[in-house]
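J.: This is the structure I have questions about; it appears just below.
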Protein chains: 2
Amino acid sequence: MEKAIAILKKNNYKVTKQRTDLIEYLSKFTVQYVSINDIASYMRSLYPGMSNNTIYRNLKEFSEIGLVEYQEKDKTLVKYQCDFEHRHHHHFVCKNCGKVTELRACPIEFFTDQLPGYTVEGHAIEVYGLCADCTKKLNSK
Amino acid sequence: MEKAIAILKKNNYKVTKQRTDLIEYLSKFTVQYVSINDIASYMRSLYPGMSNNTIYRNLKEFSEIGLVEYQEKDKTLVKYQCDFEHRHHHHFVCKNCGKVTELRACPIEFFTDQLPGYTVEGHAIEVYGLCADCTKKLNSK
DNA sequence: ACCATAATTAGTAATTTTTACTAATTAGTT
DNA sequence: AACTAATTAGTAAAAATTACTAATTATGGT
């Protein structure tokens, strides 16, 4: 939490009550995505008149400074960034329970080798299916 | 084109005028994405009262049978499937000119090795940046 | 501690994107 | 040619996102 605040400051964002509470709520979701809708509901339970503007803008800004990330396949879902050090990695998302498993390392060189002269600015990788628990459960039926 | 029609039939979809014209239009976009909006405009120039229903449903069905694919990062963009044989591959998308470059092969084993017991059902990979042409152009300025 | 000010937010609305539903039409089959 | 199930048009609503302005607030300097 203090770390997140520090990141806000480092990026010249003001530390408002709204942002603090938003971060606190988001920090529960390191292993699973929340919908922007749920976020809005929760935030409006604290700040009844909170505008979409505020919610969308903050999520967007948070994602830019690495506090938050959007799910690749469904941009209405968001999760807290597991590690602020920006160690680059990707995710496996379980379609059944929604659990997120971090994947180690990243095979981007696999692709950049095929792109001579190109400027590779970024990439999106997401693997999905059933986690080990759900695989076991669903197979034993 | 005949190939696409064959795929429609194989999947028990009826071959309607609307679908034929939609496929014909989409087939221009093998190397670049079109927005669903542009598709709708074009289709409505042929069928003035064509409903969203028809457009969205057909695109969704086409993507299910592999005629079409959505852009990972922006689901309002769509392109014609380059190869119907379903040879699995991924894309590089140029942010400047929109050109799509096919990437050979796929490093999914890189990840599945890290996921023992998991059921990996699919994955999304997209690399973006500037293509060689745009890199050259923008650097020479 | 106060002030100035630039950033942030609330409040309101509009726009964009997507989905829903039903009656009418149509492609494919017998 | 008739039957039937799929498809479409037409209409509407829901969901998601963006826009704009005035009011409020956090922060840095005095």
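Note that Cβ sites are derived from N, Cα and C of the backbone, with glycine treated the same way.
Take a look at what TrEMBL says about it:
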- B:H88, B:E109, B:H123: Fe cation binding site (BINDING)
- B:C94, B:C97, B:C131, B:C134: Zn(2+) binding site (BINDING)
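Help me picture these features in the structure, burial and contacts included.
T.: For B:H88 (Fe cation binding site), the number of other Cβ atoms no farther than 10 Å from its own Cβ, over all displayed protein chains, is 10. DSSP assigns B:H88 (Fe cation binding site) to coil, not to a helix or a strand.
Neighbours of B:C97 (Zn(2+) binding site), defined as other CB atoms within 10 A of its CB across all chains, total 13. Secondary structure from DSSP puts B:C97 (Zn(2+) binding site) in coil.
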J.: Return the residues near B:C134 (Zn(2+) binding site), defined as same-chain residues 6+ apart in sequence whose C-beta is under 8 angstroms from its C-beta, sorted by sequence, else 'none'.
T.: B:C94, B:N96, B:C97
J.: So for B:E109 (Fe cation binding site), how many other CB atoms are inside 10 Å of its CB?
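T.: There are 10 such Cβ atoms around B:E109 (Fe cation binding site).
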J.: Run a quick check on B:H88, B:C97, B:E109, B:H123: which of these binding-site residues have any Cβ-Cβ distance to chain A under 8 Å?
T.: B:H123
J.: How many other Cβ atoms are found within 10 Å of the Cβ atom of B:H123 (Fe cation binding site), counting all protein chains shown?
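T.: Taking all protein chains shown, B:H123 (Fe cation binding site) has 21 Cβ neighbours within 10 Å.
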J.: Hey, for the Fe cation site built from B:H88, B:E109, B:H123, who else sits with CB inside 8 A of the CB center?
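T.: So the extra residues in range turn out to be B:C106, B:P107, B:I108, B:F111, B:T112.
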J.: With a radius of 8 angstroms around the mean position of the C-beta atoms of B:C94, B:C97, B:C131, B:C134, what other residues of the same chain does the Zn(2+) site pick up?
T.: B:K95, B:N96, B:G98, B:K99, B:L130, B:A132, B:D133, B:T135
